[in-house]
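Before any comments, here is the structure.
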């Protein structure tokens, strides 16, 4: 299965969703990965990937290493191996690996190509479209980075066999997000089909990727509709922050965030109770958490303003409009938000 | 005088060459400058520049600070002042300030706008077109960076009054470079006119900028003809490196480099002796150095290969073809090069 992504500058790249096939690059290639992915899949990758000169840099696993020091590790490896402007980086891992490899590629000698081989469901459906790369710093997440598009994305769903169940669920949460905000047919298909089947997960990945590509193509630099991809994230980011990023996976926090956004959508009349329940049921089918206990509602509310997407002290909410559509609004009253938060 | 620069994505920006005029930005603005420029010109700038919220970050002066730590200083200032995605950086200084401010702007929240107000002749003619930004590291110069175009460039030639004479000459060297490689009429105009006159320097800046813009527009990412802008640089970089970057200004090293390239052009029959002499005379009119004493010819030759532009172990020379034209070639024999180097 191949999804072709057209970029605003009229170039394009392919997302191939299938078992890996032989690929040869006639350039120097550096594979960026972490010990976990490397342990499970590096030998498998090396069976198929060859290059003029292939080397691997293994960086520490985890969001806490998504910083400039790790970028330096990657860049230094590239300099030591004398990569030139035609060389290529391969991001082999989850979202953190993808974001960092893409960022390193974007600034190495003012930009070289990179290929994504995402190994988690979340990164397969989410990180392979959009060109967002970046790192965290003490001020927040993804605050330093670049828009840098991959040359190609290779998604091999067979790698998901080694993915922990919770991480699989976190990926499903992003798939559900895409369906709820943009595609009612897809949502209904998700209700009727089991994503743990090999064939279905391929279809779901392709559908998610196509949907995201369609949105991103209309808004590469996130000035408008692309913000809708943050459905569940406004709440999710606060949850992640309150729990010090060590309780929920990103996709899980987004799952809870969607349930919160839905309650708000019901409150302001954009969604009915039954629709909200269907989303919740679908999430729970994959054991994605949907409840959360807010300690201090006012404090939770104040946290919204720390989000970099909150310009001019207004909070932008992405609220579903029924199923398969959504609105982006900064006109929800504080009162309505507080009342919804009190239910958690 | 305004030169409009069209970019490949069909956006464009203006380079205004004139005394500063009132400019107001309805966003947060951070001016990035250094103590020298700030001492001479910051009050002058503040007379004309206003913003919704204006702050200044002063970074240390000099190429040795063109590194990631200084970028962090700039970014941290931006985070502390809570710049958002609509905010703007202003590069107020020479090439180092321009390169670093542009790079910081390119990675702050995945890219915000920046405006160049170059204060040296070199940066006025060279750094204001092309979108190259970057920093140095232990592996070499400008090895980390991005292509990031300014929103506007404001060149006020009155700021050149405080520029040391050597730095003025270094800027003239780049102007001569542009004329020799691309524009014979401009070269002859330069022979006949004195650049220390207010009116003439404006014309020369505009002409240089137009010429460079024309080249860059044909080749934004430096795959072909843009390499011709490196005329004098292949030799110049080695000279800078051999003298530890503390003997010659960049433009001065390029001046010597052009004289070397010309000798090689004469040797391979692309230029005649008289043409080479005219270039040398023009450089010397502005006290730009044209001689250099090479200690070890073989060693000098080996240095070429450390240049990042030397892919596949071939040295790419940019050689003038008469006056106003040039060729890019990697087919000059080592023997010819060595013989030319022996003359220095």
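Heads up, the Cβ atoms here are built off N, Cα and C, so glycines get one too.
Over in TrEMBL, the protein carries these features:
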type: DOMAIN; residues: B:57-168; note: domain '3-dehydroquinate synthase N-terminal'
type: BINDING; residues: B:61-66, B:95-99, B:119-120, B:132, B:141; note: NAD(+) binding site
type: DOMAIN; residues: B:171-310; note: domain '3-dehydroquinate synthase C-terminal'
type: BINDING; residues: B:174, B:233, B:250; note: Zn(2+) binding site
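Feature map: TrEMBL annotations on the structure.
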residue: B:61; record: NAD(+) binding site; CB count, 10 Å: 17
residue: B:63; record: NAD(+) binding site; CB count, 10 Å: 17
residue: B:95; record: NAD(+) binding site; CB count, 10 Å: 24
residue: B:97; record: NAD(+) binding site; CB count, 10 Å: 29
residue: B:99; record: NAD(+) binding site; CB count, 10 Å: 23
residue: B:120; record: NAD(+) binding site; CB count, 10 Å: 26
residue: B:141; record: NAD(+) binding site; CB count, 10 Å: 18
residue: B:174; record: Zn(2+) binding site; CB count, 10 Å: 26
residue: B:233; record: Zn(2+) binding site; CB count, 10 Å: 21
residue: B:250; record: Zn(2+) binding site; CB count, 10 Å: 23
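Same-chain neighbours of the Zn(2+) site beyond B:174, B:233, B:250, judged by a C-beta within 8 angstroms of the site's C-beta center, are, in sequence order, B:122, B:126, B:170, B:173, B:177, B:232, B:236, B:251, B:253, B:254, B:257. Between the C-alpha atoms of residue B:61 (NAD(+) binding site) and residue B:250 (Zn(2+) binding site), the distance comes to 15 Å. Over all protein chains present, the Cβ of residue B:65 (NAD(+) binding site) has 16 other Cβ atoms lying within 10 Å. For the domain '3-dehydroquinate synthase N-terminal' (B:57-168), the model gives a mean pLDDT of 95. Counting residues per DSSP class in helix, strand and coil order gives 98 helix, 0 strand, 42 coil for the domain '3-dehydroquinate synthase C-terminal' (B:171-310). Across the structure, residue B:250 (Zn(2+) binding site) and residue B:65 (NAD(+) binding site) are spaced 16 Å apart at their Cα atoms.
Counting only the Cα atoms, the space from residue B:120 (NAD(+) binding site) to residue B:174 (Zn(2+) binding site) is about 12 angstrom.
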